[in-house]
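Colleague: What follows is a single structure, and I will ask about it in a moment.
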Ligand SMILES: NC(=O)C1=CN([C@@H]2O[C@H](COP(=O)(O)OP(=O)(O)OC[C@H]3O[C@@H](n4cnc5c(N)ncnc54)[C@H](O)[C@@H]3O)[C@@H](O)[C@H]2O)C=CC1
Ligand SMILES: O=C(O)[C@H]1O[C@H](OP(=O)(O)OP(=O)(O)OC[C@H]2O[C@@H](n3ccc(=O)[nH]c3=O)[C@H](O)[C@@H]2O)[C@H](O)[C@@H](O)[C@@H]1O
């Protein structure tokens, strides 16, 4: 059966490539013609390990296609995946512009039955609303099914995560459409959670909120550890041995960033308030995350007395390793705060080479620290874990290392006369 993926960003492109690899016939479209033209020419618009190989292989197999003719492709495909962006506005409400545009395209295009699979993260009630809106806009309810199939991949691990999901969540009303999803994923080994449309939406938000909560929890614990001179990574390791807690998402540091946690937690808070629920935990999670960067800046300021005129280098611009994504990156916020304090900011990232606000970006991590008063590690890229600290000390003017991701052993850098700044590190 022909499958169309609408929106070829991080999720859509991975969905298209993985489904093609599973043997299905995929047609990917995007309203951004430039992206599609690039993909047709063999260029991959995003950095995601393993994705390029998957795309090339499946294009060659004749299973993966890219098209700028959105309407024709939608007409020809009985299964449609919606993977457009769903950003949040300032107040936490969801910006459904892209979803609305897709609805309008569907209304103009549907002439045969469609299984519409919503993979975009949308707030509880949105899938029901999409269903209703299609009917109100004139589509016969027998001509389509709406199924919610939220995505749990992590950027930087997207292909692996989609090929090896922990669970497959499917929300819907029609048993046939749920069966279709099970057929699409029959080669994947994962338990199914079959629920209502709203149940599936809620699972996605609760999942992200719980992961973000673990991060803010360990960051708060780190603050307390810091006050008692206790090493937080030891505490996290001990917590992780408890099967009920698990070892993941307990790495303290600058906090969570990215295109999803910040926007999704804000959106869930908004959704709760709309139904008169006071989401105290979600607020606390965000409060901790919001103040995490200041904690590091205050420690740095204590050492340098004043940041004005100081040259500070930031290693890592992406919101996490193995991605080129800088949406709501912690580095972005950190750099803004440094610039506000009159700092001259230099940066290096293995993949990201353009950034707003404008700062000096270097192509070599050591070049970036020449003459610097301090170095801040803001992203946990692997290459920052094995550093020539002797060389760092020689190149820098000052000797301060701020480890914003707890990836460095303080004792090692101290051996090279560098001063280690972290939260609750010994
Ligand atoms: N990035 C991630 O790691 C994950 C994202 N999600 C969710 O998946 C959704 C997509 O996220 P990303 O892939 O990161 O977004 P993205 O911004 O990378 O990609 C969205 C794509 O949709 C296209 N688009 C927008 N309006 C369109 C329209 N009317 N017709 C056709 N294409 C259109 C855009 O041009 C863009 O290429 C969001 O709801 C997000 O919350 C879920 C799990 C993981
Ligand atoms: O809904 C989404 O978009 C996705 O959001 C996250 O994935 P992602 O944002 O790609 O990356 P994560 O690995 O979760 O990292 C998010 C942020 O948390 C930070 N983090 C992560 C783990 C940790 O222990 N500590 C910590 O500060 C990372 O540095 C990063 O800034 C979830 O992990 C995915 O399951 C989900 O599908």
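From the backbone N, Cα and C atoms, a Cβ is placed for every residue, glycine too.
Unlike curated entries, TrEMBL annotations are predicted automatically.
Since the structure is predicted, the reported quantities are computational estimates derived from the model, not experimental observations.
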Colleague: Looking at TrEMBL, 152, 153, 154, 155, 204, 249, 250, 251, 252, 253, 257 are annotated for substrate. Which of 89, 310, 311, 320 sits in that same site?
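Modeller: As annotated by TrEMBL, 152, 153, 154, 155, 204, 249, 250, 251, 252, 253, 257 share the substrate site with 320, chosen from 89, 310, 311, 320.
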Colleague: Which recorded positions are spatial neighbours of residue 204 (substrate binding site) here, meaning Cα within 10 Å, out of 30, 86, 121, 155, 260, 263?
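Modeller: The recorded positions close to residue 204 (substrate binding site) (Cα within 10 Å), listed in sequence order, are 121.
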Colleague: So of all those binding-site residues, 86, 155, 263, which one's Cα sits nearest to residue 250 (substrate binding site)?
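Modeller: In terms of Cα distance, residue 250 (substrate binding site) lies closest to 155.
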Colleague: Please name which of the recorded positions listed here, 30, 86, 260, 263, 327, is nearest in space to residue 152 (substrate binding site), Cα against Cα.
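Modeller: Among 30, 86, 260, 263, 327, 260.
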Colleague: List those of the binding-site residues 152, 154, 155, 204, 257 whose Cβ lies under 6 Å from any atom of ligand 2, in sequence order, or write none if there are none.
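Modeller: By the Cβ criterion, which requires under 6 Å to ligand 2, the hits are 152, 154, 155, 257.
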Colleague: By the count of other Cβ atoms within 10 Å, pick out the sparsest of the binding-site residues 154, 204, 263, 327.
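Modeller: The binding-site residues 154, 204, 263, 327 were compared, and 154 has the fewest Cβ atoms within 10 Å.
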Colleague: Given a 10 Å Cβ-Cβ cut-off, pick out the one of the recorded positions 250, 252, 260 that has the most other Cβ atoms nearby.
Modeller: 252
